[in-house]
Amino acid sequence: MSKKYDAGVKEYRDTYWTPDYVPLDTDLLACFKCTGQEGVPKEEVAAAVAAESSTGTWSTVWSELLTDLDFYKGRCYRIEDVPGDKESFYAFIAYPLDLFEEGSITNVLTSLVGNVFGFKALRHLRLEDIRFPMAFIKSCYGPPNGIQVERDRMNKYGRPLLGCTIKPKLGLSGKNYGRVVYECLRGGLDFTKDDENINSQPFQRWQNRFEFVAEAIKLSEQETGERKGHYLNVTANTPEEMYERAEFAKELGMPIIMHDFITGGFTANTGLSKWCRKNGMLLHIHRAMHAVIDRHPKHGIHFRVLAKCLRLSGGDQLHTGTVVGKLEGDRQTTLGYIDQLRESFVPEDRSRGNFFDQDWGSMPGVFAVASGGIHVWHMPALVTIFGDDSVLQFGGGTHGHPWGSAAGAAANRVALEACVKARNAGRHLEKESRDILMEAGKHSPELAIALETWKEIKFEFDTVDKLDVQN
């Protein structure tokens, strides 16, 4: 060997802690929140994360001389304190782009959140954010359609889209399921939806559900003169079965299908997204299992990272929480990852949890989906928070109407249109919410009953995962 090789073990910071390094535009940047074991220096912990998520191993190996380790290694170039947390710190790591397969979110996550999360030197580790370089973004497929194409396909403009999940989500026969879909769509919704765990169970095989849903959609379209859709969940136990279900939805003339992207996996999701673009189908994405990964404030992967990865992997709509409903998520954090789904450029903004500038180039945007414990009284806040390029989904807030699902759908549609009209007239939706809704309720008995039914329903629990900002 032409170079001297010294066997043994050396500290990670001797190789992977490089505070003088200036990241390149082509580097993939990551921010980790690290909590090390007692007595381990911050620099050693951060360097260990950089090493174990890139080229490193626990000992010096002779085969390092066969490559250019200095070119390929991950580098921790900055450490920051976490406001209000004396145990943890932020480690900023730069990875050369050649460490990752082009267009493969699976490969990126395998490196960044792989074995390193079981490292003994760490008590906790959380991936807070990723800056994807433009060279990597251009190699990804992205959303199969995007916001503008979806609006054109559905012929719906100037307002958020309106939907609901069919309830009860499990136990209905295919025919009864289709009946509930019809009631919701004729009442005024744009979409109805399979819940994440409805696939092909003994009480309702997928072919049966697809056929009755297609019948309900076509009948509601004839009655209302509007384009309607239902998120047919094609998530299955094998990719082959998933594509069979997607093909059948296409044969039935359905505009949109659905995938559980975390339980289904990024590889399956990217493949399905490519299929959707080739076959002219919209793709709705459910985030089932996300809270297992993202809810702990010190360990796991923040949802903003999952949202970024989904935009790259492919999807036209993604659940994001509601801020005001029953699910976790504060306002500023939610706005931060909504920006990552929809905007072409998102600047660094710690007040929204964005640690890096993120340039998305010409990649299409993704509709943010608000779903979970919302009802008509939430409509003004939802329209304010989520804006027009969103889908507002009321499950219990539709089916729980005393007069049934059609009346619940009508109430939500009237409330939405009243809020959009008030906003366009320059009114402050959140400050004037009661006046706006009560006035609309005078002309809609369905809305009036809904307002009375849901007036005491609130979900006032504190957020577990809060932004790390200085008070």
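Glycine is no exception: its Cβ is also placed from the backbone N, Cα and C atoms.
Remember, it's a predicted structure, so these values are computed and weren't measured experimentally.
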Substrate site partner of ASN115, THR165, LYS169, HIS319, SER371 (as recorded in Swiss-Prot), chosen from ARG287, ARG295, ARG342, ARG350: ARG287
Integer Cα-Cα distance in angstrom, THR165 (substrate binding site) to GLU196 (Mg(2+) binding site): 10
Cβ-centroid neighbourhood (8 Å) of the Mg(2+) site, LYS193, ASP195, GLU196 excluded: THR165, ILE166, LYS169, ASP194, ASN197, ILE198, TYR231, ASN233, MET258, HIS286
Nearest of the recorded positions (ASP195, GLU196, HIS286) to ASN115 (substrate binding site), judged by Cα-Cα distance: HIS286
For the binding-site residues ASN115, SER371, the one whose C-beta sees the most other C-beta atoms within 10 angstroms: SER371
Rounded Cα separation (Å) that holds between SER371 (substrate binding site) and HIS286 (active site, proton acceptor): 10
Residues near LYS193 (Mg(2+) binding site) in space but at least six apart in sequence (CB under 8 A): GLY163, CYS164, THR165, ILE166, HIS230, TYR231, MET258, HIS284, GLN393
Pairwise Cα distance for HIS286 (active site, proton acceptor)/LYS169 (substrate binding site) [Å, integer]: 14
